[in-house]
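Engineer: When I checked TrEMBL for this same protein, it listed these features:
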TRANSMEM  B:12-36  transmembrane segment
DOMAIN    B:66-277  domain 'ABC transmembrane type-1'
TRANSMEM  B:70-89  transmembrane segment
TRANSMEM  B:101-123  transmembrane segment
TRANSMEM  B:160-183  transmembrane segment
TRANSMEM  B:208-225  transmembrane segment
TRANSMEM  B:259-280  transmembrane segment
Amino acid sequence: MARIDVNHVRHSYLPNPRTDADFALREVHHTFEDGGAYALLGPSGCGKTTLLNIISGLLHPSHGQLLFNGRDVTNLSTQERNIAQVFQFPVIYDTMTVYDNLAFPLRNRGVPEADVDRKVRETLEMIDLASWAKKKARGLTADQKQKISLGRGLVRSDVNAILFDEPLTVIDPHMKWVLRSQLKQLHRRFGYTMVYVTHDQTEALTFADQVVVMYDGGIVQIGTPAELFERPRHTFVGYFIGSPGMNVMPVAIDGKTATLGSQRIELPGAPKADSGAIELGIRPEYVRLGRDGMAVSISKVEDVGRHKVVRAKLEGRDIAAVIGEDETVPAEPKVRFDPAGINIYADSWRVEMGA
Amino acid sequence: MEKTWNNKAWFLVLPVLVLVAFSAVIPLMTVVNYSVQDTFGNNVFFWAGTEWFEELLSSSRFWEAMVRNLIFSFIILSIQVPLGIFIALNMPKKGWGVPVCLVLMALPLLIPWNVVGTIWQVFGRNDIGLLGYYVNALGIDYNYVQDPFDAWVTIIIMDVWHWTSLVVLLCYAGLVSIPDAFYQAAKIDGASRWAVFRYIQLPKMQRVLLIAVLLRFMDSFMIYTEPFVVTGGGPGNSTTFLSIDLVKTALGQFDLGPAAAMSLVYFLIILLLSWVFYTVMTNYDAER
Ligand SMILES: Nc1ncnc2c1ncn2[C@@H]1O[C@H](COP(=O)(O)OP(=O)(O)OP(=O)(O)O)[C@@H](O)[C@H]1O
Ligand SMILES: [Mg+2]
């Protein structure tokens, strides 16, 4: 168990990186608190796996430093860092039995056989493969292999941290849910530092206390799920988190008023933005559809179960609004923006509002 | 789904059958034909029954050659397989070293058998050969023409030089097919170098190793050209393998009947041993 400081880490896979574009990780500077459960969220290719591999020591960063509990481990091997990692693509030792696969990380570290047996049985129970213990791992299905891969990450309880790289992609939804709650339980019981990479925002939001959103080789925001939802620091976070994503539209600002085409929108305060491309962001959940406000033309209404998503055009731009299951769209629809949900962005980064 | 029977398929495989018939079955049948007959030339044949087979199987000359073959194959396999694996493991997996190594490895395989024999025949001579001359200069008495042990050493080194690359290339193909994730997982799991070999690399190489062992076994068991060129089967009969003996009988003495019987027995032995190897190795595979 450890606090992990990632100090100004940059990484490039190229031998002689010159521009920023050559870096798979532009700069990551962040502390993973001891015992925290973090979800790492971001689009494909943004550097999530690279960051995990640097933490576990499979990759040596081009620049920067890594501290475990304040001790510099940048030059320590994976073994010495004592970290468990579950890979994006399941790795199993297919000449071994399921049991031996799980015992492998323990036996390699010279754990007494009695402890090995206890830990392995416990883990087998957890991943629901107890009856498969004596089977060769070779003949298993893809999701069973992924469970074994996951199990090998969980079998050691003395690790500094466990890193999960999309560990549940091929597991069916129900089992996914079960395993996720077991991971949470384990986390409470042993208090490891956990970092969990995923593409899936619901998975991230349910698993983690803190969600780290990565974009294009850097961290754009770290926060609780609520913070990410209410106050996205970057328009990317607004798009990426939430379904549908945040509405972002270019506006002109004058004091406490924003102008969108011919419409004027009252803001909760005066944004401290004087330069750059100014945009207004509002989540569909804060767009009120009714009989007064700005006129829109409806293009589509999607019923997604608990609520409806209304797609419309406002001043020629696409906008989404969320309305309740029982609400109906008025004949001459208009929208208002709830001031509580308005964020202003300058060059894609959020700016604070003054009084 | 129901199976559909369509006799047109036979028509499609016909060309292959004809080809195989001409290239393999018909020559084999002529050999069978010769093996049960006797002749004094002029195309006059007499029925000899199993006479040649009985004579062959009771001749010590045949059994001695056979034992030599088995020993030779055994030595060859026990050197080339471990050595091939070892070299493959140490070959670079990326960068400019890969094509260089591959070309170096492929070179011996591209040289014709009889040239290999000639190279080593000259190489080992102690008057003008680089190897022979310097080994003798070091004070080691080495002469493959007179000393059976030296003759064997020469032939074995020659075969190792010639054919280890085949094992290397096959193993290498198996090794490069292992995704990086396996090595990463092994590091996370704290696996030793040996454990990585035993549980990741060896299982991945197993299939190609089976092929390598079969090929090297059959080839070394049938070895003819190289020892024939280097030692001509001598000194004495010490490097006379079955194939050399066969050619001596068939072409040297023109005893077609005994030679045919010998070819058949030889053929059956190779078939049998290959089958044994294959069964053992695939069973082992299935068991694990
Ligand atoms: N071994 C490598 N060699 C060269 N470039 C690499 C290598 N691994 C990753 N990259 C590049 O680095 C960038 C970050 O990759 P990374 O695998 O960390 O992304 P990721 O966020 O894990 O994506 P995904 O969600 O698809 O797994 C990508 O542009 C990728 O092409
Ligand atoms: Mg990845």
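Here the Cβ of each residue, glycine as well, is placed from N, Cα and C on the backbone.
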Engineer: Take the C-beta pairs under 8 A between the transmembrane segment (B:12-36) and each of B:70-89, B:101-123, B:208-225, B:259-280. Which stretch has the highest count?
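Structural biologist: Most contacts with the transmembrane segment (B:12-36): B:259-280.
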Engineer: With the transmembrane segment (B:160-183) as the reference, find which of B:70-89, B:101-123, B:208-225 contributes the most Cβ pairs under 8 Å.
Structural biologist: B:70-89
Engineer: Quickly jot the same-chain residues contacting the transmembrane segment (B:101-123) by Cβ under 8 Å, restricted to those at least six beyond its ends, or write none.
Structural biologist: 87, 91-92, 129-132, 154, 157-158, 161-163, 165-166, 168-169, 172, 225-230
